[in-house]
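J.: Handing you this structure, nothing more for now.
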Amino acid sequence: MLNSSEPPALILTGMDVRDEAMDIESDVEIVPATEAADQETRMAPIDVVAWDRYKADLHDLYVMKRKPLKEVMAAMEKRGLSGSKAQYQKMFRLWGFRKYNEEESLYRDSHQMYEFDAADESAFKYPSHPMQQMPDFFSSVLGMGPMNMQSIPTSAMGGPELSLDNLQSNNISGGEFGDNGFSLYNFLPNNYSGNMLGGITQQESFEQQPLGRFSAYNGNLGTVSGGRKKLKQPIHHAVQGGSFQIVKLLLMKEPRCADLPTDDGDTPLWMAAQEGYTNIATLLIETYKVDVNTTALQTQRTALHQAAQGGHLEVVRILLKKGAQFETRDRNGISPLWSAAQGGFSEIVKILLENKADPENISAGSNRRPLHQAAQNGHTEVCEILLKAGAQYEPRDDTGCTPLFFAAQGGHADIVKILLAKGADPNNSWEGPNGRGRSALHQAVQRGFLEVVRLLLDAKAHVEPDTSSSDKTSADSSSDESDDSDIESGTAIIQKLQGLLKKGNVERKGSKKVNKKQDRGPFSPLGVAVLKGHYEIAKLLIERNANVNSVHRSTKSTPLHLAVCGGKEDLVRLLVEHKAEPDAQEEDGWAPILFAAQNGGNCSIIKILIDAGANINITAHSGSTALHIAAQKGYTAAVKTLLDNGAILKCAKSGRHPVHHAALNAQFEVLKVLVERDPGCIHLKDEDGRSVMALATIGNEEIRYQMVEYLINKGALILEGDDDLSSSDA
């Protein structure tokens, strides 16, 4: 309690309000105005009495009209009240005003499922008079005050049904991703094999599993607190909180509450079914005779949909007993059986099937069936129940994918066995511009599921890709959107290589122009295994006669290129031991040894390739050799290894000798190695007539002084004339 006679004022402690706005939870205190005045860094204090005079206006703007705080502050400034954002927030909190959410909307877009942000209490709105506080019994119902959302039931905040573990997108092509999303073409200077790396990048998007994408078809559009619904009446809060006695009391005093919908058409029964409150559902049905088939306004989902989706068996029994329609479809064509299968609720699936529910319910738009959902999410028992009830074992969704594809992609070996035993095709593939012929084997390999890979190979899955499907769609392949993978990805390899490219002096003259819209199709399963670093799977594929020299039909890269690019020494050794061609050149003429020189100057891999017979002086179409690249990047150990094994020091097919790249890029240690090997190289000129000395002086790095001094001591000319030594291309 303040004892000072001075009028209290709001100030902020711990920071200068002129520099940074504070959140509503910040340390804001009320102190006498005299103390506030002494704070030179603070804004002028505001008398609390002044705030009270404007309370009604503030409530009208902020609570009733739900104006953004910035607009409220601007309006009140005109009326004579000024203050900081933090002061406004503090007073609103003290008065119990609801915080406005500027992004509040029913859906984020037409495909957005409902979700609830526990930090945003605007999902709940008090049904009180504008100038009243929240009725006390609300706190007892929900166990929370205006700023405490901790007691909301789990399912009201997304709950288990929103988990990525048990609810994944049922639309495999729900997003799009491709060259434009991860393209390196604008990044890469002319010294790297852009087309081959672009192939790896696009391949990564092909190989990413699409399970984590939420779309309009996920069947979870009916979450009670989703879409930030406005629960206008006490009955809705009481039902959601599971407070049976309060629900009873409210219904006894006002029976009309029994089927009272929210703004979005969700009734108390709908909410009770979703939360699994059997006693409340029974009370509403038995005593108040509510309609069990009422649908939510936005989603067209019934109470049975919600109970089935949540796995609430007893509520499902009650609803069916009272005449709930088990074949009702929501706005996405999804039935209660579909929802139960997706969640893996086998007992509910059994009951619905016993009531003659259709096991072949097809979702709108994606053509996904209950078996697709169960297989994708690894629900073995549900798969068995559906198949026993007559579900087709190989239905195709709108991308051509069967349940086997999703089971393989998820690594669900037991389901893969069941479906293969039924006769499912082990070569089922994802068709269309987004899938480009990726097979079930591709998916299992990509995720590292060795047992599933073995099962598919035993069932005669093709170890080489079928490119016919991607040929059909190459003309208009659109951008694909990839989800984040929890395993090492080809994209990570590319990002690693990006850091190696600083100046880009090794030119790529002979490279073809990269077509961003070109459909590169999938790598072979072996290529995918190598790209992902799955040694045991790569070994198994080779044992099953996978071609170690399979050529990616567009980039012309081989598995050995991918292994070297990723710095995977064990896989490089495995491939060369099985006769992988060490001098295979991808579309830009880059052999594996050039990638080894680029990728950190990996001496171990360079030696493996040399021992396997690699041509150490092989040139890319641009004329660059491994020595050029290692010299440019400053990989001294790699330069020494290459020179020790016969690399030619004087080689200027690219327009410059290796020593020029060392000088231009201020790679002093490399420069010294090259000059020590051939002192005469300091007089070499590049295709533009510039000497090593001239290139060494370009730039302002401190090391360049030492380089120039070193070159002078070695006899490099400071004044160059017509008689200077030069050399022709080697």
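Glycine is no exception: its Cβ is also placed from the backbone N, Cα and C atoms.
TrEMBL annotations: computationally assigned, not manually curated.
According to TrEMBL, the protein carries these features:
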DOMAIN    50-99  domain 'Clr5'
REPEAT    299-331  repeat 'ANK'
REPEAT    332-364  repeat 'ANK'
REPEAT    366-398  repeat 'ANK'
REPEAT    399-431  repeat 'ANK'
REPEAT    436-468  repeat 'ANK'
REGION    463-488  region 'Disordered'
COMPBIAS  466-477  compositional bias 'Low complexity'
COMPBIAS  478-487  compositional bias 'Acidic residues'
REPEAT    521-553  repeat 'ANK'
REPEAT    555-587  repeat 'ANK'
REPEAT    588-621  repeat 'ANK'
REPEAT    622-654  repeat 'ANK'
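For each feature listed, report its degree of burial, its nearest neighbours and the pertinent distances within the displayed model.
T.: In the repeat 'ANK' (299-331), helix, strand and coil residues by DSSP number 17 helix, 0 strand, 16 coil.
Summarising model confidence by region, the repeat 'ANK' (332-364) averages a pLDDT of 95.
Nonlocal intrachain contacts for the repeat 'ANK' (436-468), taken as residues 6+ away from its ends with a CB within less than 8 angstroms of a stretch CB, comprise 206-209, 404-405, 407-413, 416-417, 420, 426-430, 477, 487, 519, 521-526, 528-529, 532, 534, 536-537, 540-541, 544-547, 550, 553.
DSSP places the residues of the repeat 'ANK' (588-621) in helix, strand and coil in these numbers: 16 helix, 0 strand, 18 coil.
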J.: As a quick check of your reading of DSSP, tell me how many residues in the repeat 'ANK' (399-431) are helical, how many are strand and how many are coil.
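T.: The composition, in the requested order, is 18 helix, 2 strand, 13 coil.
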J.: List the helix, strand and coil residue totals of the repeat 'ANK' (366-398) as derived from DSSP.
T.: 16 helix, 0 strand, 17 coil
